[in-house]
Structures are given as C-alpha cells and as structure tokens.
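Noted in Swiss-Prot for the protein shown:
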- GLU134, HIS253, GLU338: Mn(2+) 1 binding site (BINDING)
- GLU134, GLU203, PHE204, GLN205, ILE206, GLY207, PRO208, ASN255, PHE256, SER257, ARG319, ARG324: ATP binding site (BINDING)
- 24-106: domain 'GS beta-grasp' (DOMAIN)
- 113-373: domain 'GS catalytic' (DOMAIN)
- SER343: phosphoserine (MOD_RES)
Amino acid sequence: MATSASSHLNKGIKQMYMSLPQGEKVQAMYIWVDGTGEGLRCKTRTLDCEPKCVEELPEWNFDGSSTFQSEGSNSDMYLHPVAMFRDPFRKDPNKLVLCEVFKYNRKPAETNLRHICKRIMDMVSNQHPWFGMEQEYTLMGTDGHPFGWPSNGFPGPQGPYYCGVGADKAYGRDIVEAHYRACLYAGVKITGTNAEVMPAQWEFQIGPCEGIRMGDHLWIARFILHRVCEDFGVIATFDPKPIPGNWNGAGCHTNFSTKAMREENGLKCIEEAIDKLSKRHQYHIRAYDPKGGLDNARRLTGFHETSNINDFSAGVANRGASIRIPRTVGQEKKGYFEDRRPSANCDPYAVTEAIVRTCLLNETGDEPFQYKN
C-alpha cells in the first residue's frame, strides 16, 4: 500500500520549529467547502491577538477560479467566518475557522448550502431540532487501495471486522484514535467511534447538535480527519461505495428529534414525521448526496444493510429500511428516528435542511419551497 511522500519526512525536525514561541500572535486556519460540494480547502492568516468569539474574526478572500467556484476573469470570493474551534494541530491559542463562501456580488456560492440551511433552522428554532450524524469512511492508500488489504487480493469476508479487535480485524486504529482525540481537543461534539463492517472502514458519531451546529461540527470533524490522515500518509474517502461487490458501502445515518418527540408520547410525533417523509422520498434522495442521488444509487441497493433507493420503508430496529425507529424508542414511546438514506459524502446542511422542511415546515412536492425574506 502506497503512502504519501510527506508522511516520510522527519517529524522531529518539524516539532523543533513548532515548539518555538509565537508571542501574542495567533494562527487562524480558514476552512471552506469548495465547488465540488465535497472537498475542503484551507489557508492560514496571522491575527494580532486571540479572538474570543467568531464575530471578532475578519472576513477574508481567495481565488475561486482555483477551487471550482468562479472564472479567472472574476475570481475573488469572500470567506465569512461562522464557527470557531481550537486548533489540535498547532494547539492553543491557534484556531480553526469554518467559513461560508460568498461570490463577488455578495450572494452565497452555489455550494454554500449553510446559508439557506441557517435560515430554515431559525424558522423552527422553537421546536429545538436535534441531529446526530454517523459518519462512515474508508481508509485508503495514495494508490487507491484499501488500507491493510492484500496488495493483489482481498481480505476474508465480512463478519469479524465490525467493532473488531486485533491486528487481523482492525485496520488503522491509530488514525481513528488520533482523530478522536483531536476532535475532543478542538471542541467538536464527537460522541463515539467504531470499526465498521468492511475492513478499513470506520465510523464516528457527531451530536446531538441543535440546528445549524450539526453541519458545522461535522464539516470540521471531516477536516480534522483529512488532516490526521495527511500526517499518516493515507487517505480517508467518503465515497458511498468505494469497493464494488459484496462489501458494505458507507453512509451518514442521520438521527433526528424535536422537543415534542423527546417528551412523553413523542412516538406519535415521530410517526407523523415518518409519514411525511414517505410522501417525499425522491426529494430526499436528491438532497442526500452531492450528485443528486447518483452516488447513493451505487449504495442503496437493498443489500448490505441498506434500503432500495427507489422505495421508501420504515420499521423498528430494521437496518434494511429507509427509516429506522430504535427498539428503545418503540418501547419508551419517545425519542428519535434514524434516516439511513444519506450517503457518506452528503452535505450535512442539505440533509438536515431537507428533514426540517418536510417534517417541521410540512413541505410537499419534489422541490423546496422558496420563502420570502
């Protein structure tokens, strides 16, 4: 398995410089979603002092023609800080800064899905929507070969790898542990991790987060994962079906509840929400991966713990359904439900917005409603 050239550099030499004092200055790494709707970009600027809140961070700009977001003849785009985290790579007082992207005319960039999502979340803030997202990913070498797999073959069939322990079952745990601790340091609301069904496939969970914070925390968790993998010389892919054949795909199962669902007899509200979702299946399929459903078509086959992309289904403890109601929720008659359709490479802003539009704003039809300002 191939690893990157950078991972073979002497990290001790780098540490000699990273241990130098930086005075009162602060390094702020600005992070944004590029024009693919999946990739992340970043660049760093120096601040004179440590910012206490995101509002103290200055707006910045970048060359959108190099990120698939504009043409070269009019390439300046704006970075507007919206969320701030501690930097686990440079450590305190340095910061990671998540940004929204705006075009030259101050309109949101096409892949700035946070802007409208924030507006939708504000409309239902009195219902306190909570989300938890289960991010699956696969570790790969720089040659595109799964981490730890035989160079000219396949590992043993699925079965012993899910939550597995041992060198022959868990591939790349060092990366998982490093990512977990880095997220905790940064202030990302990471709540767990586990090895998944396919060897070299892992999952981490983010949440519960209310409203727009779900997307903010998941995007930063993804960024941290990419940076950790960069240090180890490997790649984390969110491809929903990285290996064709009899291997599990990768999803981003999304758990959702409102205050009413979490209270006594909330199961009635959960069932009402699921009924609304059943009547808008194709709208959600289009929102649940960056290619309008084409990526998920490779994953949602009705096999390997997935539903069929063309059919809506729901059930208690059923991992082959579109919507799963956890058994404990069915017993306690309150709690949350799990939408198992989102792909691993989904935009969390698109997913959470779609759920709120259908379940709380009672939208119907195949297109989102355009609300007046």
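From the backbone N, Cα and C atoms, a Cβ is placed for every residue, glycine too.
Features as recorded by Swiss-Prot, highlighted on the structure.
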| residue | record | contacts (Cβ under 8 Å, 6+ apart) |
| --- | --- | --- |
| GLU134 | Mn(2+) 1 binding site | GLU203, PHE204, GLN205, GLY251, CYS252, HIS253, THR254, ASN255 |
| ILE206 | ATP binding site | GLY132, MET133, GLN135, VAL188, LYS189, ILE190, THR191, MET214, HIS217, LEU218, ALA221 |
| PRO208 | ATP binding site | TRP130, PHE131, GLY132, LYS189, THR191, ASN255, SER257 |
| PHE256 | ATP binding site | PRO129, TRP130, PHE131, ALA273, TYR336, PHE337, GLU338, ASP339, THR352, ILE355, CYS359 |
| ARG319 | ATP binding site | GLU305, ARG340 |
| SER343 | phosphoserine | PHE238, PRO240, ALA250, GLY251, CYS252, TYR288, ASP289, ASP295, ASN296, ARG299 |
So what's the mean pLDDT when you look at the domain 'GS catalytic' (113-373)?
97
PHE204 (ATP binding site), Cβ-centred 10 Å count of other Cβ atoms over all protein chains shown, is 24
Looking only at Cβ atoms, how many others are within 10 Å of the one on GLU338 (Mn(2+) 1 binding site)?
19
Around HIS253 (Mn(2+) 1 binding site), how many other C-beta atoms are within 10 angstroms of its C-beta?
20
What kind of secondary structure is ARG319 (ATP binding site) part of, going by DSSP in three states?
coil
Cα-Cα distance, maximum over GLU134, GLU203, PHE204, GLN205, ILE206, GLY207, PRO208, ASN255, PHE256, SER257, ARG319, ARG324, record's ATP binders, Å:
21
